[in-house]
């Protein structure tokens, strides 16, 4: 019967498929949002309070989507001492398009050349900020399919989020996240628990192939985001209730059943409103809400219709106040990267996940269910969940993934603050040069973090060449931004059961390596 699974299907799947490791990269400089308010001549607090943003990361003409992804992939491989031959699938989610034919993934294959591993499935996936999640789902589906050969899948989500001068510019940011997907993971995907909503909308789109800037309908974009959240949460609740009923539990799912709830974050204030929105959904879905003390003071809103409340300030204010404690418990910590670095488009929601893992101990995380809402304009959205393993012992997979992110706040703090006029000059430089051929970037590489890949030149045929900023000292990534040689014989994360011969380990590539995507 269509839609049914055989009784023994569970035995066919690899155990505990999920996120084995996570690496995040953001540029080495940022602009302070309070200073940007002054520079833009707007009221104090418009960006810092109204949007909830403190700092915004940005990159110079030395970085593009290829270099961002090269950096985050190599850092993940080095930090965990993984061999490049243990990757069997590599997919990139991005909306930062610099070539309408050649994928970012194909550029990343340069990192795999020394290993000799070219047997790697996957390409790029694009739909605004949703591409990273689509790539994650494809990776999970591959590991759970007959195509799986026993190796890891690697997902890269990355973007450069920049806007023309005006109200939208302070909602920008830059970043990339790499996710290692495989079995026996500390963060396990809840099978069968995805609530998805797809719809045609012109809320945010990029029709001008010569511009990095989007066309944005701000009001429609907020409505689309919140309505998609309503739809996805409704579907998710129905699916988990059906699962619970099969297990003999007769109860409705609410926000309290999530240990953490993270969101795609265009700006932090929208996330706080979104958590309140889910609380409103719980309120309207509760047949006994008049008897539930958590809804005390909200009785006047019992007859509202969701579709009439997107811009109802009374509803918004009341439910943000009523859900403030839930927000502090389940969501606030996830906004570290968003608040300090800004919107990273496809990698935004996974930056939120990194923020949670960086600020809680394995013992605090163990056994929790993490709700994840991913949204991409146009539109595509899914609410799904991860279940954190119960094993929080020293040396466990959960202990390793949290330890690998313990330097996140110090990395954010180590960046350089740049004056708003310098930020504006960099934006103008990108605007004038990002599409040029026969171009040598003008900005210095000295401001880049050590180990960052950067653009060396674009030749007359638009072929791009990259190099990696060398390390001044050979010290571990666990101690800061130093080098751990890739392709070492001993992996910190055990590879899945190999179904293919393992290629010999190769030496780490030279710090002065230069790679290109074309012959010169």
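Here the Cβ of each residue, glycine as well, is placed from N, Cα and C on the backbone.
According to Swiss-Prot, of the candidate residues 361, 495, the site noted as phosphoserine is 495.
Record check, Swiss-Prot: (3S)-3-hydroxy-3-methylglutaryl-CoA site residues include 43, 44, 129, 167, 171, 264, 273, 343, 377, and the candidate from 221, 444, 447 also listed there is 221. In sequence order, 37 make up the list of same-chain residues 6 or more apart from residue 45 (CoA binding site) whose Cβ falls under 8 Å from its Cβ. Note on residue 221 (CoA binding site): other Cβ atoms within 10 Å of its Cβ, all shown chains, come to 21. Rounded to a whole value, the Cα-Cα separation of residue 273 (CoA binding site) and residue 129 (active site, acyl-thioester intermediate) is 19 Å. In this structure, of the recorded positions 44, 129, the smallest number of CB atoms within 10 A of the CB marks 44.
Other C-beta atoms found within 10 angstroms of the C-beta of residue 46 (CoA binding site) number 17, with every protein chain shown included.
Binding-site extent for CoA: residues 44, 45, 46, 167, 221, 269, 273, maximum pairwise Cα distance 25 Å (rounded to the nearest whole number).
In this structure, the binding-site residues under consideration are 269, 273, and the one with the smallest number of other Cβ atoms within 10 Å of its Cβ is 269. Within 10 Å of the C-beta of residue 167 (CoA binding site) we count 15 further C-beta atoms, all protein chains included.
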